[in-house]
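Here is what Swiss-Prot says about this protein:
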ACT_SITE  ASP204  active site, proton donor
BINDING   HIS4, GLU179, MET180, GLU181, SER203, ASP204  purine D-ribonucleoside binding site
BINDING   GLY20, ARG24, ARG43, ARG87, VAL88, GLY89, THR90  phosphate binding site
SITE      ARG218  site 'Important for catalytic activity'
Amino acid sequence: MSIHIAAQQGEIADKILLPGDPLRAKFIAENFLEDAVCFNEVRNMFGYTGTYKGHRVSVMGTGMGMPSISIYARELIVDYGVKKLIRVGTAGSLNEDVHVRELVLAQAAATNSNIIRNDWPQYDFPQIASFDLLDKAYHIAKDLGMTTHVGNVLSSDVFYSNYFEKNIELGKWGVKAVEMEAAALYYLAAQHHVDALAIMTISDSLVNPEEDTTAEERQNTFTDMMKVGLETLIAEA
């Protein structure tokens, strides 16, 4: 067991999906995995291991924000030996061409957080996805006919930002969306030499406010990113 995860050694697969919402983890386990067994209920951050198309895969919630995903991702990597981690979550569009329910694959993540600068105050350390996972996810999504955007995202420490207009300005520089976890996940992956990718469904738009989704939709639908994430985890080189 680790401090925040109750699993015993061997109960977590070396490939894992990481939704922020623990109820989304439960949904994925119940609807996509066979013979799913719950390995964690600590703080109601549900985690499950089962099989997907014959491959052993885990799924676990991470909560909201970079501090939270940093705790769970680090323990999964260091204490349980996870090698491939794919975040599946929601994001807000910063770009006129990126619409609600479409997918964004984060090739890199800018951030306004100090979580990385605390380690590297003299550098702007780049947070980038595993190219292997990114390449596989892109081709899988396209083959499945899903509208998919690849580009940079903003990982923000603040949901209710006082810099709303500056965030929107990033969209004009090609940043596709804003979310709250990818940069920290990519940083941990670089530190520990594992593979990570963030796949997001656009749940709302900062540039087209009339585009929106409900909390129930965000929890129980958005299945395209789940399919792409699972297919990417089991794809052979």
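Quick reminder: no glycine exception, Cβ is built from N, Cα and C everywhere.
Positions of the features from Swiss-Prot, shown on the structure.
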{"residue": "ARG24", "record": "phosphate binding site", "DSSP class": "helix"}
{"residue": "ARG43", "record": "phosphate binding site", "DSSP class": "helix"}
{"residue": "ARG87", "record": "phosphate binding site", "DSSP class": "strand"}
{"residue": "GLU179", "record": "purine D-ribonucleoside binding site", "DSSP class": "strand"}
{"residue": "SER203", "record": "purine D-ribonucleoside binding site", "DSSP class": "strand"}
{"residue": "ARG218", "record": "site 'Important for catalytic activity'", "DSSP class": "helix"}
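Taking each Cβ in turn and tallying the other Cβ atoms within 10 Å, the top scorer among the binding-site residues GLY20, GLY89 is GLY89. Taking only the Cα positions, the spacing between MET180 (purine D-ribonucleoside binding site) and ASP204 (active site, proton donor) is 14 angstrom. Taking all protein chains in view, 28 other C-beta atoms sit within 10 angstroms of the C-beta of VAL88 (phosphate binding site).
Take the Cα of ARG87 (phosphate binding site) and measure to each of the recorded positions HIS4, GLU179, SER203, ARG218: the nearest one is GLU179.
Of all the recorded positions listed (GLU181, ASP204), GLU181 sits in the most crowded Cβ setting, with the most other Cβ atoms within 10 Å. Neighbour density around each Cβ, counted as other Cβ atoms within 10 Å, peaks among the recorded positions ARG24, ARG87, ARG218 at ARG87. Non-local neighbourhood of GLU179 (purine D-ribonucleoside binding site): GLY89, THR90, ALA91, GLY92, ALA106, VAL153, LEU154, SER155, SER156, ALA198, MET200, each in the same chain, at least six residues away, with C-beta under 8 Å from its C-beta.
Distance noted between the C-alpha atoms of HIS4 (purine D-ribonucleoside binding site) and VAL88 (phosphate binding site) is 20 Å. Rounded to the nearest whole angstrom, the C-alpha distance between GLY20 (phosphate binding site) and GLU181 (purine D-ribonucleoside binding site) is 9. Looking only at the recorded positions ARG24, ARG43, VAL88, ARG218, the one with its C-alpha closest to SER203 (purine D-ribonucleoside binding site) is ARG218. Residues HIS4, GLU179, MET180, GLU181, SER203, ASP204 are listed as the purine D-ribonucleoside binders, and the farthest two of them sit 31 Å apart at their Cα atoms. Considering only the recorded positions ARG43, VAL88, ASP204, ARG218, GLU181 (purine D-ribonucleoside binding site) has VAL88 as its nearest partner by CA-CA distance.
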